[in-house]
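S.K.: As annotated by TrEMBL, domain 'G-protein coupled receptors family 1 profile' applies to 42-293. Annotation source TrEMBL lists transmembrane segment at 27-49, 61-88, 100-121, 142-164, 197-222, 243-263, 275-295.
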Amino acid sequence: WEFNGSFHQPSAFLMVGIPGLEALHPWISIPFCALYLTALLGNSMILFIIKKTQSLHEPMYYFLCMLAVTDLGLALCTLPTTLGLFWFNLRTIGFDACLAQMYFIHILSFFESSVLLAMAFDRFIAISHPLRHPCILTRTTVTKTGLAIVLRGVVSLLPIPFLLKRLTYCGRTELSHSFCFHPDIMNLACADIKVNVFYGMVILLSTVGMDFVFIVLSYILILKTVVSLATKEECLKALNTCVSHICAVLVFFIPMIGLSMIHRFGRNLPPLVNALVAYTYLIIPPALNPVIYSIKSSHIREALLRALRRKSG
């Protein structure tokens, strides 16, 4: 322990894998490896295809690139500690390293939420104002949107590590997961954490919460536009362009809301439930998003097939 007077700060935290299934960690690591491999290869493939295919240099696919970069970051943030624990039982993570990992996990989650909102706005403009779409969402506008997303996430979450460093920790050092999460670290403190709770809730509601509300409003307006279309075929064609994005929104927001609720109100739930929801939130979206877009987007699918033919030829 490092301490100064009455102020105590642990030199390290202990991570936990899947409670009750520690003996099966080497076997459990197999599906985790498959998910991480899918996330890394799938998102890298999306970026490569969009970069090499001139016809995909459009706002929708620029935002998809942002989503792929965010998903790569999320996968790389949790991969070392998760697989290190499952393979080698490496449970210890330094205090400052834990805060750094926590910061990047949260900031990348905020990026993902913001990118999904930008993609919803893109779909709304493309369906409701198709003729004005190229004028509204220019390359400059997309770039500025990306910079605004990064700036909002960095600034809003910057105080979190410092709010955790000011707390006194005494006794408990065991986390609930194989990665560092703000509510998890905060609950290990034996000091007053009202400021942390208040700030965390305000930031969550004003960023991710507002993003979700605006995404829902975007789809209400999209549905209103689609219903007014003349034929059923036009309606289905317009809605089909949104299917991939709707799946990505559900895959990201449902586990995130569930994990936030568990950390704040579900302390009596079994630890296994907490662990499964947390892994679903951080590992499933980066693995599924490239699969969803590769299956549902005919442009990406065709570009992928062309790339494979060139390599085989």
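A Cβ is built for glycine as well, from the same backbone N, Cα and C atoms used for every other residue.
Note: TrEMBL annotation is automatic and uncurated.
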S.K.: Would you mind listing the long-range same-chain contacts of the transmembrane segment (197-222), meaning Cβ under 8 Å and 6+ residues beyond its ends?
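M.R.: That would be 109-110, 113-114, 116-117, 120-121, 123-124, 127-128, 152-153, 156-157, 159-160, 163, 182-183, 186, 238, 242, 246, 249, 253, 256, 260.
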S.K.: In the same chain, who gets a Cβ under 8 Å from the transmembrane segment (275-295) while lying at least 6 residues past its ends?
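M.R.: The answer is 16-19, 32, 35-36, 38-39, 42-43, 45-46, 64, 67-68, 71-72, 74-75, 78, 82, 105, 112, 176-177, 179, 181, 244, 247-248, 251-252, 255-256, 258-259, 262, 301, 304.
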S.K.: Which stretch, 27-49, 142-164, 243-263, tops the Cβ pairs under 8 Å count with the transmembrane segment (100-121)?
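M.R.: The stretch with the most contacts is 142-164.
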S.K.: If we skip the immediate neighbours and take only residues 6+ beyond the ends of the transmembrane segment (27-49), which ones have a Cβ under 8 Å from one of its Cβ atoms?
M.R.: 17-18, 21, 56, 64-65, 68-69, 71-72, 74-76, 79, 82-83, 86-87, 279, 283-284, 286-287, 289-291, 293-294, 300, 303-304, 307
